[in-house]
Ligand SMILES: Nc1ncnc2c1ncn2[C@@H]1O[C@H](COP(=O)(O)OP(=O)(O)OP(=O)(O)O)[C@@H](O)[C@H]1O
């Protein structure tokens, strides 16, 4: 019974976490966790290594705390220990459990919990001025890397942060999964609080907004809900697309929006698509969103992806060789969460196997990630990266203006492969090879296709490169 409750609770928590983390992160860090004990005040989890314990504590603790609260409605302390440490402990001293995340957790005596033990009264509490607890401290403007794909959204976000409710209200950001919308929203929240420590700032996902609304109605406390949401200075609502098909929540959000907007309070919204593409979003809500500024975030180019990995490595104090970053960045091109996940997977792999990080090690660590991802498309950057590494030249040389044979030949091969293996247009290919004209690409393509017919060695090189590009 005790175990059944423990496992069922952890399963529920895991499900919540899976909604907010990538599959790669879940497989690498969360799936190996073993739930150990559950009391009315604490959940104890076991990890296979010290490294994973540290990593989870550093990166996923807040998410686990939030998910466990969502599931149990109790503010549980989360205690993480690594298995081997627990084995040693059992031999040495069973009265103490080390590595307690919140020091006050009373975990020595494990009682069998029952769901009814968890507190039921969760009336929404009003937001306190200056409270930044709904914001992730890592998501700031300082840690956000800008590139062509997000420059406009970043500039607009900064303007909103510097003059809340004065420039763009509402401020609506949209873009694909894992491209930095949440990061920018939190960054706005932090900056506003820095400049206006007395403001009430609340970040919330639209899913949580819906749940709170439902709970407040169930508990007969709709007024507390309204008090909470209509008395803030800055409301940040993430993933608004989840409100589609939820008529009652849309109605409530509409009134919240109006009250805040009329009172000249800032509203910031994110979505995975443009408001006009959110099905069953009420027209009056859609038109409200269009009052302010709507901006999109695109997938980052290779340069930005490498810069993001560099920044991440710097922030985490990790030493990662440049070619490994290029290797990862050229393979994951449309989700920054996946990109970061790949880097941490490589770090974990190197640490667990006690091996230095090389491109080969990265390939080994990410083998399953890349092969599972069958729909991975060949990108222009991937072709450039593989061709330049094959000919032992830098990408910068590959795209440079210089025309010496040792550069011109690999460049023509790369252009040929870009044309063969991607759907990109000739002008686009020319553009990423140092802004060359499309006729240069046609010339390169014709030269290599002709050459392959008479030159066996060239033909083999092309086949080998094609395999590398498609199969790695
Ligand atoms: N430009 C960037 N610079 C640095 N880190 C970034 C950047 N863009 C995204 N990230 C990081 O990528 C991860 C995913 O970003 P985020 O959660 O903001 O994406 P999202 O667009 O909100 O995704 P979703 O649609 O799934 O909610 C975060 O760890 C974030 O810090």
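Residue positions begin at 1 at the first shown residue.
Quick reminder: no glycine exception, Cβ is built from N, Cα and C everywhere.
TrEMBL annotations: computationally assigned, not manually curated.
Features reported for this protein in TrEMBL:
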type	residues	note
BINDING	178, 180, 181, 182	ATP binding site
DOMAIN	167-295	domain 'AAA+ ATPase'
DOMAIN	379-448	domain 'Chromosomal replication initiator DnaA C-terminal'
REGION	1-95	region 'Domain I, interacts with DnaA modulators'
REGION	134-350	region 'Domain III, AAA+ region'
REGION	351-472	region 'Domain IV, binds dsDNA'
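Distribution of TrEMBL features across the structure.
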residue: 178; record: ATP binding site; Cβ within 10 Å: 19
residue: 180; record: ATP binding site; Cβ within 10 Å: 25
residue: 181; record: ATP binding site; Cβ within 10 Å: 25
residue: 182; record: ATP binding site; Cβ within 10 Å: 20
Could you give the mean pLDDT over the domain 'Chromosomal replication initiator DnaA C-terminal' (379-448), rounded to a whole number?
91
Reduced to three states, what secondary structure does DSSP give residue 178 (ATP binding site)?
coil
Summed over the domain 'Chromosomal replication initiator DnaA C-terminal' (379-448), the DSSP helix, strand and coil counts are 50 helix, 0 strand, 20 coil
In DSSP terms, the domain 'AAA+ ATPase' (167-295) comprises 67 helix, 24 strand, 38 coil
